[in-house]
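Going by TrEMBL, these are the annotated features:
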{"type": "ACT_SITE", "residues": "425", "note": "active site, proton acceptor"}
{"type": "BINDING", "residues": "138, 177", "note": "FAD binding site"}
{"type": "DOMAIN", "residues": "17-132", "note": "domain 'Acyl-coenzyme A oxidase N-terminal'"}
{"type": "DOMAIN", "residues": "279-440", "note": "domain 'Acyl-CoA oxidase C-alpha1'"}
{"type": "DOMAIN", "residues": "480-657", "note": "domain 'Acyl-CoA oxidase C-terminal'"}
Ligand SMILES: CCCCCCCCCCCCCCCCCCC/C=C/C(=O)SCCNC(=O)CCNC(=O)[C@H](O)C(C)(C)COP(=O)(O)OP(=O)(O)OC[C@H]1O[C@@H](n2cnc3c(N)ncnc32)[C@H](O)[C@@H]1OP(=O)(O)O
Ligand SMILES: Cc1cc2nc3c(=O)[nH]c(=O)nc-3n(C[C@H](O)[C@H](O)[C@H](O)COP(=O)(O)OP(=O)(O)OC[C@H]3O[C@@H](n4cnc5c(N)ncnc54)[C@H](O)[C@@H]3O)c2cc1C
């Protein structure tokens, strides 16, 4: 029974080479090999087991996470893993913990903002985990508005030190992951104040928080966990913390001084670089969040697709087998666009990584010209992909019907872990407003003959795009990349231009921004969706080996684009680039694409190469053996440890006896 593959029939229908698709998904043969090896390593190690996570009380849950993190580090050292292997191992261990912030923000911040000497001093300690760091930016009173942070770092020329202080309750650091119970050090964002009492704005400082001998907070430091968060298990494995400083002194050389310096004499020296570089670590993390979004979405879609192929409802005559729910058009219409989005986000994530590497190299050569675009792309795509992924995980839960609501479906915990991605590293609406700012600036420069480049190059064809009308006459005409691209460009252009025209009616631009914010956000979303569509289309220009692989990706690309067109029909039709008739043809084409995806659906999610350990879902099991395992799982619940529950004698029996007495009366 255990070895039967209940999905074998589904797998036999696939029209493409799954092994080759796994390589496309991983990014390269090398990436596939590393990912595959690390995921199996984690899956076969009993310390990384994940069952019961949602049932553990917080303290036990947290201690168990510390145990796993320590074990992961031990294995990384023992096996002499490379940085790439180590990061994959941590990824598949699949439990948010302090190491994410240490490796993901503390180390990159020192690398990006520290001078050579500072890097030499701090990085070896951090690399060996002799110190553990976090990223303490957000405060109780301010998160989105970084310039509004209140913590102060006042230079004392007598002692050559900075005095770090929390002047108000609202200035308490609040939220940093790893801060609550683990970190020994933090990168602290504070307002720099020098002897002349001038406020030089927000800068980053390295501050030691806890003793390296007994882990107690150092004098002047108050630190703790902010409390339980949404859901069971989930993000509660992380010690998001609070932190207050009471005139804590640190040496002057603990201000990260690559971008600006304070001299021994107390003179502020600003390098000739944009001040926004102090936000560089956020840009880096936003880029990684886009890649992570595709993984989380793929995970939910894998569960919902396999289960939809296993689950049967209705449609049988004379007691025969019922219909697999994946065969219902409504199920396909809800599920297949999410499958297509997972692939789309994967490819845009790959491209964004390239963009980030490119901008980093340029910055090193003091070329800051592409920084605004890198900021807009990372902010916008972080916002778009996390919003869609969070909503899609919930949709996948509903696609699994009642069983999706069980913890052992894996979906509730995945949802609870994932949703803060819409908030951390920048609230998604706040980030879209940054994109809109960038778009409005680009549009406003067009009359002066400025040629937009990169992802806004299409705005250089503003006149054509404001006039263009799609040439589609029959449903198949939609299966043409340039036809699709043109309508997405036309819609994005028209929404941006309309906003710019409305903005120009305001005497003060900032007033207009506040008033028109909702429209600006819609224009920003249209621009970001265009980027995703165009990067998917670009991916298809590459040489992609493997029988049928490119054809599957082409189908998914059209599903992604045409589904968006259908969902945002109002925009497309109202801005005049397509007619209602063409919209209806797009919908006809979409239905036909679903029929092409259907026989390949299970193989397309197998191509993510996720282990059952990583999925942690009975509904998404590779072998589709769902019902016996659900039945077994139910009996493992602590409530089933005794036949008669605790509390029977106190609360149930007296009730029943009471009713009996009432009945006799
Ligand atoms: C079965 C279940 C299993 C469960 C297990 C699963 C486990 C796995 C789950 C997966 C999860 C993945 C985990 C990933 C790890 C993530 C860890 C999260 C840690 C979180 C950390 C944080 O949140 S850190 C704090 C982040 N904070 C923010 O992001 C704040 C947002 N605010 C800002 O960024 C800024 O304040 C601002 C951009 C909104 C405004 O800044 P500012 O006021 O200074 O600027 P202006 O608006 O005035 O603009 C001026 C000018 O600057 C330009 N600009 C702004 N920012 C930048 C920039 N970064 N780079 C370049 N330029 C920038 C702006 O555009 C303006 O330009 P103009 O030309 O003048 O218009
Ligand atoms: C799980 C988790 C982990 C985190 N980890 C860290 C960490 O490690 N380090 C760290 O420093 N921080 C961390 N944070 C904090 C996080 O970065 C902030 O919560 C985030 O930047 C949002 O800021 P906020 O909480 O101030 O939201 P707010 O800005 O108060 O947002 C509240 C509402 O106001 C809206 N809003 C705000 N400004 C505007 C505007 N200008 N126009 C229109 N609408 C607006 C938002 O859209 C939102 O709806 C974490 C947060 C979470 C949830």
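Placed from the backbone N, Cα and C atoms, the Cβ positions cover glycine too.
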Out of 138, 177, 425, the listed recorded positions, fewest other Cβ atoms within 10 Å surround the Cβ of 138
Simplified to three states, DSSP reports residue 177 (FAD binding site) as coil
Spacing of the two Cα atoms, the residue listed as 'active site, proton acceptor' and residue 177 (FAD binding site), in whole angstrom, works out to 12
Residue 138 (FAD binding site) falls, by DSSP collapsed to helix, strand or coil, into coil
Across the domain 'Acyl-coenzyme A oxidase N-terminal' (17-132), DSSP labelling yields 90 helix, 0 strand, 26 coil
In three-state DSSP terms, residue 425 (active site, proton acceptor) is classed as coil
Over the domain 'Acyl-CoA oxidase C-terminal' (480-657) the mean pLDDT stands at 97
